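As structure tokens, the structure follows; a few thoughts come after it.
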2 protein chains.
Amino acid sequence: MSELLSRATELDAADPLAATRSRFVLDDVTYLDGNSLGALPVGVAERMQDVVRRQWGELRIRSWEESGWWDAPERIGDRIAPLVGAAPGQVVVGDSTSVNVFKALVAAVRIAREGDGPVERDEILVDATTFPTDGYLAGSAARMTDCSLRPVRPEDVPAALGPRTAAVLLNHVDYRAGRLHDLPGLTAAVHAAGAVAVWDLCHSAGALPVDLDEHGVDLAVGCTYKYLNGGPGAPAFLYVRRDLQERFDTPLPGWNSHTDPFGMRPDYAPGEGAVRGRVGTPEMLSLLALDAALDVWEGVDVAAVRRKSLELTDFFLECVAAYVPEGSVECVTPLAHGERGSQVSLRCEGAGEVMRELIARGVVGDHRRPDILRFGFTPLYVTFSDAERAARVLAEILRG
Amino acid sequence: MSELLSRATELDAADPLAATRSRFVLDDVTYLDGNSLGALPVGVAERMQDVVRRQWGELRIRSWEESGWWDAPERIGDRIAPLVGAAPGQVVVGDSTSVNVFKALVAAVRIAREGDGPVERDEILVDATTFPTDGYLAGSAARMTDCSLRPVRPEDVPAALGPRTAAVLLNHVDYRAGRLHDLPGLTAAVHAAGAVAVWDLCHSAGALPVDLDEHGVDLAVGCTYKYLNGGPGAPAFLYVRRDLQERFDTPLPGWNSHTDPFGMRPDYAPGEGAVRGRVGTPEMLSLLALDAALDVWEGVDVAAVRRKSLELTDFFLECVAAYVPEGSVECVTPLAHGERGSQVSLRCEGAGEVMRELIARGVVGDHRRPDILRFGFTPLYVTFSDAERAARVLAEILRG
């Protein structure tokens with residue numbers, strides 16, 4: 001047994017999060033794509049049977065009240081809140097990340113413009129390295145609020161801010177390189193310029209502490225099907241800081257956000273609190289699968305998740321360095337812990353073909369064109385042995 | 001046995017759609033709330049087990065390709081298309097009705113303004129009797145496209161149309177009174193004014209023929225959890241007429257609608273066809289439950305559904321007239337077949353309490369404030385005996 005393999009076994013034996021792996025349905029695959037679709041938690045299938053057969057099939061319409069369907073978006077939002085450092089009442093679940101980016105950014109521009117002086121704020125800054133959908137929706141938000149849109153690398157945001165900046169949309173962790181951005185510092189810089197900060201937490205929620213309240217983030221959106229394991233296309237979440245909720249002027253004022261939805265009033269009057277972020281009737285089956293999936297977080301400390309995440313990615317990089325032929329891959333994920341999310345991205349010639357072969361040999365990551373291999377590390381179920389195996393199989397493939 | 005009860009038995013025995021009732025999970029409740037949440041079709045629970053346990057739990061990320069997840073919004077749209085009279089390639093499923101109203105209406109205004117002359121089209125007409133969310137979203141669409149919004153009763157639309165009209169949002173069937181509006185005639189009037197017609201089919205899709213293509217409707221949105229029985233909050237659908245697809249300029253340009261979504265390009269370039277209506281990652285569990293639910297339509301002719309719907313509501317009204325104390329209820333649903341959807345709404349003093357009592361006695365409809373009892377008739381599973389029972393129990397309650 002190689003030294004690294006025995007180290008992996010020791011690290012797994014000493015892992016304080018080792019027990020949470022049994023909360024997932026896993027097999028002998030090394031699954032390093034939880035940053036794209038989290039593994040299935042135990043108990044979700046059973047819950048869905050109850051939701052479909054009893055709540056829908058037997059109670060039918062009565063479930064909106066009796067099964068707690070109506071309040072589920074806020075209730076489940078409050079289950080996610082502690083994972084992103086938010087006090088209750090500020091997170092609501094529903095719609096896709098893309099739709100929530102639009103809501104948040106338009107609302108942010110409207111907040112920024114309140115009480116504006118002679119110069120109207122008419123520019124949105126967007127993370128130039130963003131997952132594309134954020135940029136596309138930011139473009140639409142800009143177009144529909146008469147703003148211009150300027151892509152800026154996160155590190156260049158402080159210099160780009162100015163009196164015309166209305167809102168800034170940033171990714172906490174870059175989807176491609178896995179780079180962790182400075183949420184506290186950038187949020188403070190945005191505020192110093194009188195603008196509103198919107199953070200995309202897709203690649204950080206459930207993987208590392210976010211501390212939204214502590215850092216005074218204005219608005220945030222995030223995905224629940226990656227590190228939160230909510231199921232394919234599980235609904236996204238929206239955070240609106242409590243003191244901004246009354247000023248949250250949504251571009252999608254659906255009836256679910258109305259102060260009296262069953263009053264069927266012709267005029268829109270928004271409800272109070274997180275409910276303002278709702279739009280139409282939530283897709284209950286997907287929403288309730290997420291609810292069941294969140295049970296895996298019981299008793300889990302996000303700080304412990306972060307510690308293991310860094311240990312896993314450190315160990316994976318160590319194994320890659322030891323096993324993989326020199327020069328065959330280049331790590332594009334920052335080595336500094338303060339700049340690393342919970343994935344490792346390796347630049348590699350023929351990455352598409354290499355990933356296909358990895359998958360064929362039981363190591364599942366993904367490929368981002370043209371030349372990036374992505375390996376996501378979900379600390380709740382990925383082991384140090386998985387990390388060692390992934391590097392070892394990668395090396396076998398690259399040695400050909 | 002009363003004469004009406006034996007008539008009900010005979011009508012059920014002669015019903016050409018009698019067999020489709022066995023495609024649903026039903027009990028001894030008379031369920032007349034399928035216009036709010038359709039009953040559970042047989043087979044959905046089993047399908048969801050496969051989706052959760054095998055597609056998500058075992059195949060995980062591979063299901064986007066191997067289980068056909070990626071194309072499901074268009075594929076399922078094509079299953080709905082024949083039910084609303086649309087040729088393939090024009091319907092896509094995803095997001096809530098509210099979100100789709102916003103997409104459709106903003107896109108409609110943009111289409112209407114193409115090549116505008118000296119007078120810019122700057123008014124949106126909205127059905128004054130609409131389900132509220134349509135009005136709220138129309139208000140936002142108007143605000144964000146620099147239009148004014150004018151609520152107009154559908155029958156007054158022709159007179160309200162003019163050179164400034166950009167788009168008109170109408171309900172095919174009114175949610176409250178169950179009134180069926182003149183889709184062919186109103187669409188033609190909108191077109192004659194050079195404006196764009198957007199129809200909300202929430203209360204007609206699956207209940208009666210819509211014939212979108214035949215009548216040249218421009219855009220339409222609809223719900224899948226009422227007469228299409230897709231499950232609680234099942235995703236809505238969006239129809240964009242084929243020759244308008246290239247001009248469909250969405251306000252929600254999410255990455256799922258990109259021509260090369262995995263190219264991760266910084267600039268938005270929409271795909272061709274119905275895919276343009278997509279936004280973010282679809283909520284797959286809800287979407288695939290809908291897919292399973294659509295199996296009930298196999299071999300069903302929408303014209304036969306409409307015939308039975310009218311027979312059911314006629315018969316229910318006949319039973320109400322025979323059983324219910326004179327003057328205790330007033331029918332607000334039009335008696336003319338050409339103006340009736342698939343529900344009957346009765347104005348009734350103390351409607352809230354009356355509906356609670358009906359539900360307690362096994363007849364489930366719903367209540368719309370302040371004084372409306374709604375009874376929805378889903379021809380695939382509601383029987384003539386259900387109609388007789390509902391009227392009989394209502395009469396018992398009203399006699400006190």
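Numbers run from 1 along the shown chain.
Here the Cβ of each residue, glycine as well, is placed from N, Cα and C on the backbone.
In TrEMBL, annotation is done automatically, which means it is predicted and not curated.
With a cut-off of 8 Å between CB atoms and residues at least 6 apart in sequence, the same chain places B:Asn171, B:Tyr175, B:Asp200, B:Cys202 near B:Phe131 (pyridoxal 5'-phosphate binding site), listed in sequence order. Annotated pyridoxal 5'-phosphate binding site per TrEMBL: B:Thr97, B:Ser98, B:Phe131, B:Pro132, B:Thr133, B:Asp134, B:Asp200, B:His203, B:Tyr225, B:Trp255, B:Thr281, in sequence order.
Long-range Cβ contacts of B:Lys226 (N6-(pyridoxal phosphate)lysine) within its own chain (separation 6+, distance under 8 Å): B:Gly34, B:Asn35, B:Ser36, B:Leu37, B:Gly38, B:Cys202, B:His203, B:Ala205, B:Gly206, B:Ala207, B:Gly376. Annotated N6-(pyridoxal phosphate)lysine per TrEMBL: B:Lys226, in sequence order.
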* **DSSP three-state assignment (helix, strand or coil) for B:Asp200 (pyridoxal 5'-phosphate binding site)** => strand
* Asked: Suppose we call a site close when its Cβ is under 8 Å from a Cβ of chain A; which of the recorded positions B:Thr97, B:Thr133, B:Lys226 are close?
  -> B:Thr97, B:Thr133
* To do: Let me know the DSSP-derived helix, strand or coil state of B:Thr133 (pyridoxal 5'-phosphate binding site), please.
  => helix
* Structure fact -> Within 10 angstroms of the C-beta of B:Thr281 (pyridoxal 5'-phosphate binding site), the count of other C-beta atoms across all shown chains comes to 25
* **Local Cβ density at B:Asp200 (pyridoxal 5'-phosphate binding site) - other Cβ atoms counted within 10 Å** => 27
* Asked: Could you give the maximum C-alpha to C-alpha distance in Å for the residues B:Thr97, B:Ser98, B:Phe131, B:Pro132, B:Thr133, B:Asp134, B:Asp200, B:His203, B:Tyr225, B:Trp255, B:Thr281 that bind pyridoxal 5'-phosphate per the record?
  -> 30
* Asked: Can you tell me the three-state DSSP label for B:Thr281 (pyridoxal 5'-phosphate binding site)?
  -> coil
